[in-house]
Amino acid sequence: MVREQYTTITEGTHIERPENQAVYKIGIYGWRKRCLYLFVLLLLIVLLVNFALTIWILRVMWFSPVGMGHLHVTADGLHLEGESEFLFPLYVKEIRSRVDSSLLLQSTQNVTMNARNTEGEVTGRLKVGPQMVEVQSQQFQIHSKDGKPLFTVDEEKVMVGTDKLRVTGPEGALFEHSVETPLVRPDPPQDLRLESPTRSLSMDAPKGIHIQAPAGKIEALTQMDIVLQSSDGTVVLDAETVCLPELALGSQGPAGSSQGLYEVCVCPDGKLYLSVAGMGTTCHEHSHLCL
């Protein structure tokens, strides 16, 4: 309680103080005072709860001066230990694992990595899905550890840079268009087979085609004609024995006259046929085979 007294005093004048003095009460009393104390108490409780929750979050999330939990902030970037889940897109410049461990990217649906230009357009994409791996780019390359290109794909060609391309499928390799290669050979215990089931098979080389079987034989089977044609050279059959077992055979002459010998006759169109050998040529006797 504060009492204020207002008295005017004039020099040389004596005034007696009144018996009834005015008293003014300044402050908060009653239920307002109790509500104020209650509000301050609640505010203090909320402050303590917030402080306790802050301490608990710091302990649970493993906050430290260098980062949060397994996530450490270093001069080179962010260092993350253990497994992490990203619920939204992740934009980074470089991702690499520790020296003693591998890098694993895993998702229940698919893993998609995009490369964008300065305008935000996708210039390259790698998508690993549950059924296929999809690559979208102008060129796809696989290099060896020393930087040698092993496999290159673009819109115009597919290039294999290895010393050997091996196809192990039971159906072999299927090519819808032409193939350029300096050498085609099978595994040592297997046979080499070139087949075109419904169309023709063509082999072209400006400096020649060499077919060699050092330890076996070469067979050419066809239902129609086999044509050996040389425009400026010679067709050479270089062997100790040349057999033509299915040549047309003329009629047999008198018994004992030929002694089992035949002569090879040539028609004007190049057709060959056999005629029983005699004292002289007998080709004209069987010239009807040329008709």
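Using N, Cα and C of the backbone, Cβ positions are placed for all residues, glycine too.
In the three-state DSSP reading, CYS265 (disulfide bond) counts as strand. Neighbour count (other Cβ atoms within 10 Å of the Cβ, all protein chains): 22 for CYS265 (disulfide bond). Per Swiss-Prot, disulfide bond is recorded for CYS265-CYS290 (among others).
Under the DSSP three-state reduction, CYS283 (disulfide bond) is assigned to helix. In sequence order, GLU263, CYS265, SER275 are the residues of the chain that are 6 or more apart from CYS283 (disulfide bond) and have a CB within less than 8 Å of its CB. Residues or ranges marked as disulfide bond by Swiss-Prot: CYS267-CYS283 (among others).
Positions annotated as N-linked glycosylation site by Swiss-Prot: ASN110. In this structure, ASN110 (N-linked glycosylation site) belongs to neither helix nor strand by DSSP; it is coil.
Per Swiss-Prot, topological domain 'Extracellular' is recorded for 59-291, and the stated evidence type is sequence analysis. Summed and averaged per residue, pLDDT over the topological domain 'Extracellular' (59-291) gives 81.
Here Swiss-Prot flags 38-58 as transmembrane segment, drawing on sequence analysis.
Non-local contacts of CYS267 (disulfide bond) by the CB criterion (under 8 A, 6+ apart in sequence, same chain) comprise TYR273, SER287, LEU289, CYS290.
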